[in-house]
Each structure stands twice: as C-alpha cells, then as structure tokens.
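The structure appears below as structure tokens.
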Amino acid sequence: MFFKSKESGEPADHGPKTSNAFEDSKPEESHVESIRQSQAHYEIDPVLSKRLDRKFDVHIIPWLFGIWLFAFIDRSNIGNAKIDGLLEDLNMVTGTKFNVALLVFYIPYILVDVPSNWIVKKVRAGVYLPTLITCWGIVSTFLGFTKSFAGLVVCRLLLGLFEGGLLGGIVVYLAMFYRRHQMLYRIGLFYCAAPLSGAFGGLLATGLATIRLGGYNRWPWIFFVEGAITTVFGVTCFFFMPSTPADAKFLSTDERTQAMRRLREDSHGATDVEDVNDEHFSWHWVRMAVLAPQTYFCTLAWIFLLIPLYSFSLFLPSIIQGLGYRSTTQIQLLTVPPNIAAFLVVLATSALSDKIKARGPIMAVGSMVALCGYVMILASKSSNVRYGGTFLIATGVFPGSAMIMGWLSNNLAPHYVRATGVGLLIGLANTSAFPATFIYLQKDA
C-alpha cells in the first residue's frame, strides 16, 4: 500500500482567511484566484533561499536533534534499568507489571497529540517545546526515587503526557521554516537521534549503573543523571529557539521577510498571510485534515512500522540478554552498534528519498531488511548470527518513521490542516504501542 506523494501542486480545498478564529466558511473563489495571480509573479532569490536554509540548518536543527535525542533516551532508558535491578527492587520480577509500566506511557501520549498541535503556535513554539522538555526531564529525574510499581506507573503517565505533544510539535515547527520539498530530509536530521539515543543510552547506562551512593544503587542513577541532563537542555532551549522566522534574531530584516514570503509561496494559495502567526484556527481546517485520505494511508503504514520499532527500542537489552550474554556491562555495550548503524541509515535514506522524490520503495526495502533480521534471530542457533540480526532490524525499522512524517506533512497545508493531520497520524499510529509493549513478556525471558 503505497501512494504517490503530491509534493507540488495546489491543495484541493482552501479554508478561511479571516481574523475570526472560529468562523466556519470557505473563502470566495475570486479571493483565492487573486492570491494565486499575485503569487505567480513573485520569485524568491535562489541565493537568498539557500542562505536561509543554511541558517535554519545551523540555528534550528541541532536543537531539535537534541530534543528528540533526550526524548527517546528518557522514554526507553527503562529498558536499560530493567537489567540493572529495577524489576527486583520494585517487586516486578513475575507477571506483566513491567509491560504495563511501558504501556501507560502511551495513553496520554496518544490523547494529547492533536490538541497539542493546535496550541503550539498559539503558545509559541519557542516557549512551548522547551517547556515540554523541561517538564519531562524533571519527571524522568524523579523516576529514580520510585519505590513501588504504582509510583513507576504514575511517573510513566506523566512522562507520556509531557512527551505527547513533542513529535507533532517538532514537525509543525519545521513547517514554519522550511518548504514542503525540504521537510523530509530535515525530519531525518532530527529523527536519526532516535537510534542514536539507543547507543548513548547503552553507553551511559554502562557507567551509571556502577554508581552506588546515598542508598541508591545502580538503576536509579540512570534516571537521575539522564533526567537532569534533559532538564538543563530544556532550560537552555528557551534562549535559542525562535518561534517563527519573524522572531529569528539570527536573520536580517530582509531575510525574515523573504523567509515568510517563500512559505506563503509554497502553500500554493492555501493561505495569504505573510506570517504563520497571523493564521487563525477554524474547524474547517480540522475537517480538511480529518477527511484527507492520505492521513489514514500514512497512519496504517506507520502502525505496522512502529510495532517492531517500539518493541526493538524498549527490549533490545532484553533481546541481547536472551542471546546468552550474562554480563550486564557487556549487554549494555552490545546495544550500541546496532543503533549506530540505524543512525547512519536514517541519515542516508532521508537524503536519498528527497533526492529521488520516493518514499514508498525505500520503506518497502527497509521492511524486507527488518524481516530478514527477525528470521535470523528466530531461525539461527548461533549467538553471533542472531546478534547480526539486530543490525538488520534496526536499520530496517527506523528509517520508515521519517518517511511517513515527511510524506504526510508534504501533503497537508496550511498550518492548522497540517497540525491536525500530523497529530492524528501520531496519535492513531501510536496505538501500535499496545501490542508492541507486550511482545516480550518476562515469563519468556
């Protein structure tokens, strides 16, 4: 099930362009036509456009990379803590309590996606996103103080609440700076932090689990240190992330004007405002996203990609432990190479996809590679061969997420249509976490 990406051309419908935030009518065709005619005579200086791209890549992408890196570390480090004494200390050795603790994270994560995307512009992305990071960093830090299963569940719920609006918010935020055909590669530039977080998480856990201070031994220090680093990073983001091109202090006045104008040009008549801050909410935009078939095509494809991705990210230390390795340090270190390989493949496939303007074929190849990895793990008796299968799984499942998000964001405009569609995509697709968190049970370890 793959469909052709519409990365150019005009949206089929045009919503209201009015200061009334909840007016629910369509604009007159003559008004839309005048917008198209006025835009047809304007061309953006290609040299200036490239300069804008370079500045955005330098001043925005590194912060988004860091945000997603810490987000994935803080949601999946529970897998590292599991093999460092978490189950024993919280009396979760038997049953499905650990799986439940994994699952509850995704309940608020799913529910807040769409409304969070609606308010990200209203609150201002340069404030809203750093607020989310700081809050979940604090929650992640306090996970180390957990003394019971109930406390772990509460912390995981709060973690999901604050991380829930993040991914959609980042995609919507990128769309405030980059044109549609530039989106997928930039999504790949920050999303490659997901597999890299597995590598960093494994290395950090190897050292942190040796700390025994203040009555807290091994696994709590994974949460203490990694959560504290996230909190500091979140506070730092407040000072460096602009909300829109109009707020970017690293741009000249002319560059700000051109940055906003090229986004209006890229909307192909879907909006006539100069600054995204001037767009107003309407339920018409919501209906456009809800009724768009591409929203559900992408969602269905992503569900089948996220099941192996989440189970792999959360249970990789347990998978490696099941291959016969018993040293905790060795297990943590062995999680690093497959994730490094996935990091490099996400970067390469994102660049290739933008270059050849193809999404579906790359996703199909990745799925087949991952399938081969699972066959190696299930069919082989050799620990080395089975460990090699984890490389194929990692490099096969991670690239698809960047493809899906870039694909849908390219096909939805203007801001509130994209915000709603991306929120629906993330919310619905993350229901895949329900089966993913129960694929590996403690009784099968």
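Numbering starts at 1 and runs along the chain as displayed.
Note that Cβ sites are derived from N, Cα and C of the backbone, with glycine treated the same way.
Remember, it's a predicted structure, so these values are computed and weren't measured experimentally.
Sequence annotations record features per position, and here TrEMBL assigns compositional bias 'Basic and acidic residues' to 1-16. Positions annotated as domain 'Major facilitator superfamily (MFS) profile' by TrEMBL: 60-445. The annotation region 'Disordered' is assigned in TrEMBL to 1-30. The annotation transmembrane segment is assigned in TrEMBL to 60-78, 98-120, 127-145, 157-176, 188-209, 221-241, 296-316, 336-353, 360-379, 385-408, 420-441.
Sequence-distant residue pairs (6 or more apart) of the transmembrane segment (127-145) and the transmembrane segment (60-78) include at least 3 whose Cβ atoms are under 8 Å, placing the two stretches in contact. Stretch with the most C-beta contacts under 8 angstroms to the transmembrane segment (385-408), considering only 98-120, 296-316, 336-353, 420-441: 336-353. Remote same-chain partners of the transmembrane segment (296-316), defined as residues 6 or more beyond its termini with a Cβ less than 8 Å from a stretch Cβ, comprise 1-3, 72, 76, 78-79, 102, 194, 198, 335, 338-339, 363, 367, 370, 374, 390, 393-394, 397-398, 400-401, 404, 407-408, 424-425, 428-433, 435-437, 439-440. The listed stretches are 60-78, 98-120, 157-176, 336-353, 420-441; of these, 336-353 has the most Cβ pairs under 8 Å to the transmembrane segment (188-209).
Among the recorded stretches 60-78, 157-176, 221-241, 420-441, the one sharing the largest number of Cβ pairs closer than 8 Å with the transmembrane segment (98-120) is 157-176.
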